[in-house]
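Below you'll find the structure, written out as structure tokens, and then a few comments.
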Amino acid sequence: MRLVLLGPPGSGKGTQAARLKDTFQIPHISTGDLLRAEVAAGSPLGLKAKEVMARGDLVSDEILLGMLEARLGQADVANGFILDGYPRNVAQANALDSLLSKIGQPLDAVVQLDVASELLVERIAGRAKAEGREDDNPESVRKRLQVYTDSTAPVIGFYEQRGKLARVDGVGSLDEVLERIGQALGR
């Protein structure tokens, strides 16, 4: 199973990806985790990324794709993988499709976790309070959600046009959402 999980901040992507990893016995790949690991390892791509981040710039799609290509070349992804939160824009979606085609591992499905914006604000604000983070105030969360909507809505359409998209209601208990994802994937 080669799967992408999409959803706005607070939708439960990371939580469900961890659960799907256990269910399908395939690795959960987060580009954020990849980036941190490459920087920590001091790899050539990690050093490039560190330099970019030190300037306060965003890591380029090219660097992210290079890291992803290296990760997808590892033995543990032979039976599939779960990509969490990537691609975030249509350029990344096209690049990912090209990469997966090149290595003969096309996506099986893309799951979009749908959660109403106001509930997302509540979830993130609650999580921020529990973790003592003051930067996740409702206004900044709304801005992050708007950025997500602006950049990711076209990605949803991209995969919908290719017949790969499954929309799943992300509201409910962890087990209920996992069950819905399983049903959407025909499991």
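Our numbering is plain: 1 for the first residue shown, then up by one each step along the chain.
The backbone N, Cα and C atoms fix where each Cβ goes, and this holds for glycine too.
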Region 'LID' according to Swiss-Prot, located in which of 5-15, 126-136: 126-136
Range annotated as region 'NMP' in Swiss-Prot, from 30-59, 90-119: 30-59
Count of other CB atoms lying within 10 Å of the CB belonging to SER11 (ATP binding site): 26
Shortest C-alpha distance to VAL59 (AMP binding site) - which of the binding-site residues GLY12, LYS13, THR15, GLY172: LYS13
Chain residues outside the region 'NMP' (30-59) and at least six past its termini with a C-beta under 8 angstroms from it: 14, 17, 66-68, 70-71, 83-86
Pairwise CA distance, TYR86 (AMP binding site) versus LYS13 (ATP binding site), rounded so that it is a whole Å: 11
Rounded Cα-Cα span from GLY14 (ATP binding site) to ASP57 (AMP binding site), Å: 24
